[in-house]
Amino acid sequence: MATKEFVIYLLAGFSVAILSVFFVQNGDFEPKFYRSSNLLHRPIGSEDKVWPELEFSWRIVLATVIGFLGSACGTVGGVGGGGIFVPMLTLLLGFDTKSAAALSKCMIMGASASSVWYNLRVPHPCREVPILDYDLALLFQPMLMLGITLGVSLSVVFPYWLITVLIIILFMGTSSRSFFKAILMWKEETMLKKSMKEVPVNSHGELVIDTIYEPLVPKEEKTAFEIFNFNLNLKRIMVLFLVWFVFLLLQVFKNDLVACTPMYWVLNLIQFPVALAVFGYEVVKLYKESKKRRLEGNPESVCEADIQWTATNLIFCAICGILGGTVGGLLGSGGGFILGPLLLEIGVIPQVASATATFVMMFSSSLSVVEFYLLKRFPMPYALYLMSVSILAGFWGQCFIRKLIAILKRASIIVFILSGVIFASALTMGVIGIEKSIRMIHNHEFMGFLDFCSSQ
């Protein structure tokens, strides 16, 4: 499925799902408003806060195993794993869905932070550039955060069953496309292995592909500290942190306001110029540099993405960034479910796509964690325990997968893991969403669009 056909599939699926609301809407029943932020915050059972005690049992052991594997695979794939964590926390440990979504963010933040720490100590597999693509991070992070705001607003208006259908359509599409891309990469790697007697692997265990070698000039190996300093761009990180801090302040101030008041809309609208300013700066930079290189006949890409940064492609990336954030707002997860596959789609190699998506996800998840902490949405003992599990999983997951890639000489493993995590999330979220939707139908609950101001 080519990119154009995939976009048509998403547009067609989303359009049919949204238009179908007008056919199933039942005016005989009053809407039941939920003071919630997204799909994972909507009640499956009770709306009351349920915080079980942290004590040793088979449930906590199984949750630890699932959390460890989910965090390891989620960070390697660059998608986080929120679609796995929330069902685990609600169905296995018994948390209410609001608290489960908050704890899920804690797990994603912990795994992302440890994964970023590991990636900062790893060189780029085939170029003399940082493994974290800061240009792509600055391009997508503002749009993701803007999309999260939009997703939270839509989750208040959209009926529960519609969000479930949209998530299934999106996740099944992205997981299928990622799976077929992984198969294609696997075949290309197989052909490469057959055409080469020995595939070069550097001293750090990184597979080197498509590189011009100079055997008479030995390449100078960097120390771990030199690699860390080379990968760390404090100037770009400070810009990302500034955007993060501005969005945090706006969200915290907005929580104390009554919905739909003038100040409420002002704080919402301020987010647009903040996000667009950073995005616009990066867009102009990529566009000018890309145009300059094309005129000079220089085939080298401006950043890791293997595309021409034309106006059309930049608009496409902006839309995908907002879509990724919207999904994060609807689900209560990060935007990795869109960003990970998108980076692969625009030609970023799996190792860099995973590292960059996880880096961006660290900012978006930590924003929610700070907000949830201020609102006292999760129990600290569980948060600290699950974060500890995720931190270990994020670090050792990256370590294990990179060693496996070095042994098997197949970077497509990362794409297979990404596809598997998205598919597993589609199954778990689909089952929960369908079960709740059927219950709503049996109870003759309102199935149409809700009023935004009354639902806050």
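Backbone N, Cα and C define each Cβ position, glycine as well.
Automatic, uncurated: that is what TrEMBL annotation is.
Annotated transmembrane segment per TrEMBL: 6-24 (among others), in sequence order. Tertiary proximity for the transmembrane segment (6-24) is limited to same-chain residues at least six positions away from its ends with a CB under 8 Å from its CB atoms, namely 159, 161-162, 165-166, 169-170, 173, 177, 447-449.
Under the heading transmembrane segment, TrEMBL lists 60-93 (among others). Sequence-distant contacts of the transmembrane segment (60-93) (same chain, at least 6 residues past either end, Cβ-Cβ under 8 Å): 40, 44, 52, 54, 99-101, 103-105, 107-108, 110-112, 114-115, 171, 331-334, 336-337, 339-340, 343, 353-358, 361, 365, 386, 389-390, 392-394, 396-398, 400-401, 414-415, 417-422, 424-426, 428-429, 431-432.
The feature transmembrane segment is assigned by TrEMBL to 132-154 (among others).
Beyond the ends of the transmembrane segment (160-184), by six or more residues, the same chain brings 1, 6, 9-10, 13-14, 17-18, 20-21, 24, 39, 42, 83, 327, 330-331, 337-338, 340-341, 344-345, 412, 415-416, 418-420, 422-423, 425-426, 429-430, 433-434, 436-437, 440, 447 to within a C-beta distance below 8 angstroms of the stretch. Per TrEMBL, transmembrane segment is recorded for 160-184 (among others).
Listed as Cβ neighbours of the transmembrane segment (237-253) (distance under 8 Å, sequence separation of 6 or more from its ends, same chain) are residues 134, 137-138, 141-142, 145, 267, 270-271, 274-275, 278, 363, 366-367, 370-371, 374. The annotation transmembrane segment is assigned in TrEMBL to 237-253 (among others).
The annotation transmembrane segment is assigned in TrEMBL to 265-284 (among others). Within the chain, the transmembrane segment (265-284) has long-range Cβ neighbours (under 8 A, six or more residues past its boundaries) at 135, 138-139, 141-143, 145-146, 149, 153, 239, 243, 246-247, 250, 253-254, 257, 314, 318, 321.
For 314-340 (among others), the entry in TrEMBL reads transmembrane segment.
Sequence-distant contacts of the transmembrane segment (352-375), counting only residues of its own chain at least 6 positions beyond either end whose CB sits under 8 Å from a CB of the stretch, comprise 75-80, 102, 105-106, 108-109, 112-113, 115-116, 119, 122, 124-125, 131-133, 136-137, 140-141, 144-145, 148, 240-241, 243-244, 247-248, 251-252, 255, 304, 325, 328, 332, 334-336, 339-340, 343-344, 394, 414, 418. Residues or ranges marked as transmembrane segment by TrEMBL: 352-375 (among others).
Annotation source TrEMBL lists transmembrane segment at 382-405 (among others).
The transmembrane segment annotation in TrEMBL covers 411-434 (among others). Within its own chain, the transmembrane segment (411-434) is flanked in space by residues 39, 44, 70, 73-74, 76-79, 81-84, 87, 90-91, 125, 160-161, 163-164, 167-168, 171-172, 174-176, 178-179, 181-183, 185-186, 189, 207, 209, 331, 337, 340-341, 344, 349-351, 353-354, 401, 404-405, which lie at least six positions past its ends and keep a Cβ under 8 Å from the stretch.
Outside the transmembrane segment (132-154) by six or more residues, the chain places 37-38, 116, 119-120, 231, 233, 236-237, 239-240, 243-244, 247, 268, 271-272, 274-276, 278-279, 281-283, 285-286, 302-305, 317-318, 321-331, 335, 339, 342-343, 348, 352, 355-356, 359-360, 363-364, 367, 452 with a CB less than 8 A from a CB of the stretch.
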